[in-house]
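Right, one structure below, let's go through it.
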Amino acid sequence: MLDLLVCVAGIYACFLSWGVLQERVSTTPYEGQRFRYFIFLNLIQSLVCSGVAMVYLLVTGKRVSRPSWPLFRRYAQAAITNALASPFGYASLKHIDYPTLTLTKSCKLVPVVVMNVLLYRRRFPMYKYVTVALVTLGVSGFMFMQPTSATAAAKGAATSSLWGLMLVLVNLLMDGATNSTQDQIIHEFRDVTGQHMMLFMNLFGCVINALWLLNPYNPELGQALAFTMQYPEVWRDLLLFAACGALGQCFIFYTLANFGSLTLVTVTVTRKLFTMLLSVFWFSHQLSLGQWTSIAVVFSGVGLEAYVKRQEKLRSTAAKNASKKELDEKISTMSVDAMSANTARASPGARVSKRKV
């Protein structure tokens, strides 16, 4: 449990900083010009993450070998769906507003479960489905009941559209396919660690992004390099952004490998809720009754999973202790029986010796 708490704290800290840096890179003007080259940014992120994963594996002495063909295909599958997810999310913002996107993305647990079932016929314990439902309802309710001004509400109503929601749905399904495939890699290939997956997923990401940038009909690479030469200070923000993302990915892939995709997505989905909750206490904001109810629903879902896992751990420990006790009793009984048999065999010999004397 301590490992999970450290991972949660690491994910929250790294990706809160990562979000601030992402906003800085994408919205801060550099002498009046904004950086708009996000595939180039993704390439930088993938390169730094690959380097961090390789250094981690070398320092910890873990073997890095060429993946087998089945594992290679799984990595490629996860990397492609991961690369395809972001463009659909960005494209949806042309048709819906950001709060609508955030609200829809809060339901990410559902497609993760759906894609696990559809793609890999995986089944989960009933409490997992209940947890998914409670967390999804709670986070969605919290976002939906967030107070907005009449202007913002009118803008949201004007910009929301069925097409935008369809694009978000594709984004969610791609995310679900990525997470379920990563789960399958961990289950199917027992020698793969979270750091191995981080390395190869990002190497595949480098290849995919590089191929897109090297497309002769795509001018983004040349424009991005020209921008960084004209405004070299942007490199500081790009590298800080990539470093925060790389450190965060270390926690993410460790969580994925040791606790599964549902736990990981629960952490990432609830991050925004806990961020808002921290803001409430820090800045004395007011929450509606519905939002407090939504928070209670989320905590009930998280608490349910923690309780069930605790009970499973206690039952497992009790079963191990019972098995050990039963084994000790059998060994003790066998020892007593052996001693009795030896005594019985030795007794006649003693009587014969006495007669000879």
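Residue 1 is the first one shown; counting continues down the chain.
Cβ atoms are placed via backbone N, Cα and C, with glycine included.
Under the heading transmembrane segment, TrEMBL lists 38-59 (among others).
If you look up TrEMBL, you'll see 126-145 (among others) marked as transmembrane segment.
With a cut-off of 8 Å between Cβ atoms, the residues of this chain six or more beyond the transmembrane segment (157-178) that come close are 77-78, 81-82, 84-86, 88-89, 91-97, 100-101, 104-105, 107-108, 110-116, 119. Annotation source TrEMBL lists transmembrane segment at 157-178 (among others).
The transmembrane segment annotation in TrEMBL covers 199-218 (among others).
For 238-257 (among others), the entry in TrEMBL reads transmembrane segment. Long-range neighbours of the transmembrane segment (238-257) within the same chain, counting only residues 6 or more positions beyond its ends whose Cβ lies under 8 Å from a Cβ of the stretch, are 3-4, 6-8, 10-11, 14-15, 17-18, 21-22, 24-25, 41, 44-45, 47-49, 51-53, 56, 179, 182-183, 186, 192-195, 197-198, 202, 228, 263-264, 267-268.
Positions annotated as transmembrane segment by TrEMBL: 264-283 (among others).
Residues of the same chain lying 6 or more positions beyond the ends of the transmembrane segment (289-308) and with a Cβ under 8 Å from any Cβ of it are 125, 127-128, 130-135, 137-142, 145-146, 263, 266, 270, 273, 277. The annotation transmembrane segment is assigned in TrEMBL to 289-308 (among others).
Long-range contacts of the transmembrane segment (126-145) within the same chain: residues 99, 102-103, 106-107, 109-110, 113, 262, 266, 269-270, 272-273, 276, 288, 290-291, 293-302, 304-305, 308, each at least 6 residues beyond the stretch ends and with a Cβ under 8 Å from a Cβ of the stretch.
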